[in-house]
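J.: Sharing a structure below in structure tokens format, with a few things to ask.
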Amino acid sequence: MAQGAVIHVAPEEPTHAVCVVGTATPLDIRGSAPRGSTSFSITASPEVVVDVIHGPPSKKSTTGASKWPLDPKLEVTLQMKAASSRIDDQKVRISYYGPKTSSTQALLYLTGVELSLSADVTRTGKAKPAPAGKDQSTWTWGPDGHGAILLVNCDKEDPKSSGMDFEDDKVLDNKDLQDMSPMTLSTKTPKDFFDKYQLVLQVPKAKMNKVRVFRATRGKLPSRYKVVLGPQQFSHRLELLGGQHSTDFYVEGLAFPDADFKGLIPLTISLLDKSNPELPEALVFQDTVMFRVAPWIMTPNTQPPQEVYVCRFSDNEDFLKSLATFTKKAKCKLTVCPEEENQDDQWMQDEMEIGYIQAPHKTLPVVFDSPRDRGLKDFPVKRVMGPNFGYVTRGLYRAEVTGLDAFGNLEVSPPVTVRGKEYPLGRILIGSSGYSSSESRDMHQILQDFLGAQQVQAPVRLFSDWLFVGHVDEFLSFVPARGKQGFRLLLSSPRACYQMFQELQTEGHGEASLFEGLKRKRQTISDILSSQKLRDQNAYVESCIDWNREVLKRELGLTEGDIIDIPQLFRIVGNSRGNPKAEAFFPNMVNMLVLGKHLGIPKPFGPIINGRCCLEEKVCSLLEPLGLHCTFINDFYSYHMYHGEVHCGTNVRRKPFAFKWWHMVP
């Protein structure tokens, strides 16, 4: 809230002060009242509004003004109706009275000025003065909230540039300018006002490395935008002429919210009195605009797809052809990373997660680059980041990175309501160890801190360390569906698979085998059902998935009716450290690519019953009644044999939510 300095008056000599239009300035009546005074009256020029907070006046003075008692509860404020045309052109007279003293007067000469710092605090996309009752120095959530929003300028408008736009202190062009938030300083003063007064724009020193402010000046791009605040400068003294002026600023974020940064940045304009060169400058007035840096937001499977990413490598030509046909059916753009750029690293899902940032005036897709840094490490920087496509990462030391730091272990639910609490942007899901041990793996705390600090998609920790790779996308997915929730949660289910195989054996299909047409050992339904070792392994897997099932029901507000069990078997193998972990026994159907109503599902190569794969038939019977279309894609040799599936090998850029993140209440 804008604040003016307290004005003190004294009978000995006139007082001179500045009053900012629209701001109630405190006036100290009692501090220098003559000894013996018990009451006072006050008169002022027509352009000055005097407000006395007290009980009823004691009586009328001889001048016709009300007399007020001088008691400790007295509060007097002044407001100017308009800016002064010259210095000291408004006057306030205070008369003091006492039972045994004659009337004594104190004079106050006022200069009214208009001074305001405005930004888009109403979130309409345009900078304008805050409406009455809105304190622009605060930031509030919700549909009735207020406060300005700032984007991290993390895209790269110049394709030839080696870094993000915020990494330099220049405005490249008007497109670069559109990534920034406008802010305007409006002033109206007497012509010689700034001979004795100074305006200073400032940011707290602790926040100076989180923001950069450009001042618009006359001239051609880019020289007409001068850096006035940023990592090297926490304050800027404005040299202004008197009269009426408007000064435009453009503000860019330099850092996302994180464990050590809540995302709030106050920018303050201060008016200083420098009239006496022998004294330090005195603070006369301050106005502050509070900005919040927009969070990075993930998009769930229920959001419309816009672009699919995949790698080309020596073993996936047939897969690419199938994927191209599938994405064409879903009317979705397909971008293929060439082999020379991925260095045989086919795990596109693990390398990055594509989300977005948003302010009222601009929405920007932003890729979050994982710290795994294998063959695809340059792809997010060199091929995804660009004009109107931002980039963010959180670096880790190589020795600190585990498989759970890859982004197949980072998912987000559709919007949910949990025990009355709304999550209109869904909740982030990350995999972790169920309990700590010398061999346990977790997503690094630096990544978890970043995700939690965004505030709008409160993370949920799931148990995934039981898996060979350890990612949540190995046992769950979400698909759009009709109904109240608007989606279904798909969970891998050994129990459902055993039940199905048992029924088929009872019907006389025990000799039907998996992996028909593949160079794999023949495995019949009866072989699988008779293996106690495999049963024990899948009972363990089922217990792990059941644990997550209860967590998901509790943290996402789901019921059993919101969950579909996808038949799936696992087996236990040793990982690189020799620890027993689970991996899919046949291609993991829940690890699917969801493009609207079109599902690209790993072809399971299940037993053929009456000319059709019984696993495919079962999944279709579960999902097609929801209005979904199932396409089974052969990824056996290109992905499944390397511990991944269709979802692991692809990535999707999706349409941002229509819901505005600032309308929610975290």
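Heads up, the Cβ atoms here are built off N, Cα and C, so glycines get one too.
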J.: Glu341, Glu351: which one does Swiss-Prot list with Asp369, Ser370 for the Ca(2+) 5 site?
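T.: Ca(2+) 5 site check in Swiss-Prot: besides Asp369, Ser370, the record includes Glu351 out of Glu341, Glu351.
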J.: May I ask you to find which of Asp144, Asp165, Asp192 Swiss-Prot records for the Ca(2+) 1 site already listed with Asn153, Asp155, Asp176, Asp179?
T.: Asp165
J.: For a quick check of packing: other C-beta atoms within 10 Å of the C-beta of Glu411 (Ca(2+) 4 binding site), how many?
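T.: Cβ-Cβ neighbours of Glu411 (Ca(2+) 4 binding site) within 10 Å number 26.
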J.: Going by DSSP, is Arg212 (citrulline) sitting in a helix, a strand, or coil?
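T.: DSSP assigns Arg212 (citrulline) to strand.
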J.: For Leu410 (Ca(2+) 4 binding site), which of the three DSSP-derived states applies: helix, strand, or coil?
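T.: Strand, per DSSP.
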J.: If you count, for each of the recorded positions Arg218, Arg374, Arg383, the other Cβ atoms lying within 10 Å of its Cβ, which residue has the minimum?
T.: Arg218
J.: I'd like to know which of the binding-site residues Asp155, Glu353 has the most other Cβ atoms within 10 Å of its Cβ.
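T.: Most Cβ neighbours within 10 Å: Glu353.
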J.: Please list, in sequence order, every residue of the chain apart from Asn153, Asp155, Asp165, Asp176, Asp179 whose Cβ lies within 8 Å of the Cβ centroid of the Ca(2+) 1 site.
T.: Leu151, Cys154, Lys156, Glu157, Met164, Phe166, Leu172, Lys175, Met180, Glu252, Gly390
J.: Pick the one among the binding-site residues Asp165, Asp168, Asp176, Asp179 whose Cβ has the fewest other Cβ atoms within 10 Å in this structure.
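T.: The binding-site residues Asp165, Asp168, Asp176, Asp179 were compared, and Asp168 has the fewest Cβ atoms within 10 Å.
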J.: When the Cα of Leu410 (Ca(2+) 4 binding site) is compared with the Cα of each of the recorded positions Asp179, Arg212, Arg374, Cys648, which one is closest?
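T.: In terms of Cα distance, Leu410 (Ca(2+) 4 binding site) lies closest to Cys648.
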